[in-house]
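Colleague: The domain 'C2H2-type' annotation in TrEMBL covers 1-23, 61-89, 90-117, 118-145, 146-173, 174-201, 202-229. Annotation comment: TrEMBL describes 30-56 as region 'Disordered'.
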Amino acid sequence: FPCLLCGREFGRQRSLRQHERWHRRTAVVAPHPEGLGDDDDNVTGASLPGQPGSRATERLHGCAVCDKAFKRKKGHLRMHLMSHSGAKPYACSVCEKAFPSKEHLLVHQRTHTNEKPYKCLLCEMAFRQKKYLLIHQRNHTGEKPYTCAVCDKAFKKSEYLQIHQRTHTGERPYKCVQCEKAFTQKGDLQRHEAIHSGKKLFECPVCGKAFKRKDYLAIHKNNHSVVKGEQKKPHRCLECGK
């Protein structure tokens, strides 16, 4: 559940609502209502009440449909209201897909141009959106901002937290239509469905042979592996070393 004011994500809607109430108290508002702005000032960085430069007295324009609030009534609030009305006036000139705001359209157009303006300073990875760069940077920093309220285990992405929480709740939202089995992750369901259909999802990049299970593919790929001109044989005899 992402905050549309600052872009921060939460694993539970209740946590998001508490966070949004903090925004309303401190008047921390993003200039781009959908969190898609490309500039560094996408989050205003407003200080807390009582600190120098506090914006707590700044006038906000609230959405009549939900609890969101914006600094500019004509621009950002109007753009936000389109998300409720379903209006999509901005169409892509390449594929004709339509979007509710110009910011959404600009991000989409990068899928056609392959433009990735957000580059990681620590490696060569680049991204179309700033939020994906921020998520990637956690691989370098080790930051895990999403914590489970039950066991305190932490995760880099809110999606990982949501999947983990199902181990506590027992929720299995992905159900097989051919039998009664259910799974916590979509990928597990897809692998299970391959058993019913006979479809082989894992293809060898060397010879094209396909397998139902990833571990079967890994065993098969050892037949192609070559070490110093000899075929790789991962299972060694403990007695003679052969």
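The backbone N, Cα and C atoms fix where each Cβ goes, glycine too.
A TrEMBL annotation is a machine prediction, not a hand-curated record.
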Colleague: How about long-range neighbours of the domain 'C2H2-type' (174-201): same chain, 6 or more residues beyond its ends, C-beta under 8 Å?
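Modeller: That would be 163, 166-167, 210-213.
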Colleague: In the domain 'C2H2-type' (90-117), how many residues does DSSP assign to helix, to strand and to coil?
Modeller: 12 helix, 4 strand, 12 coil
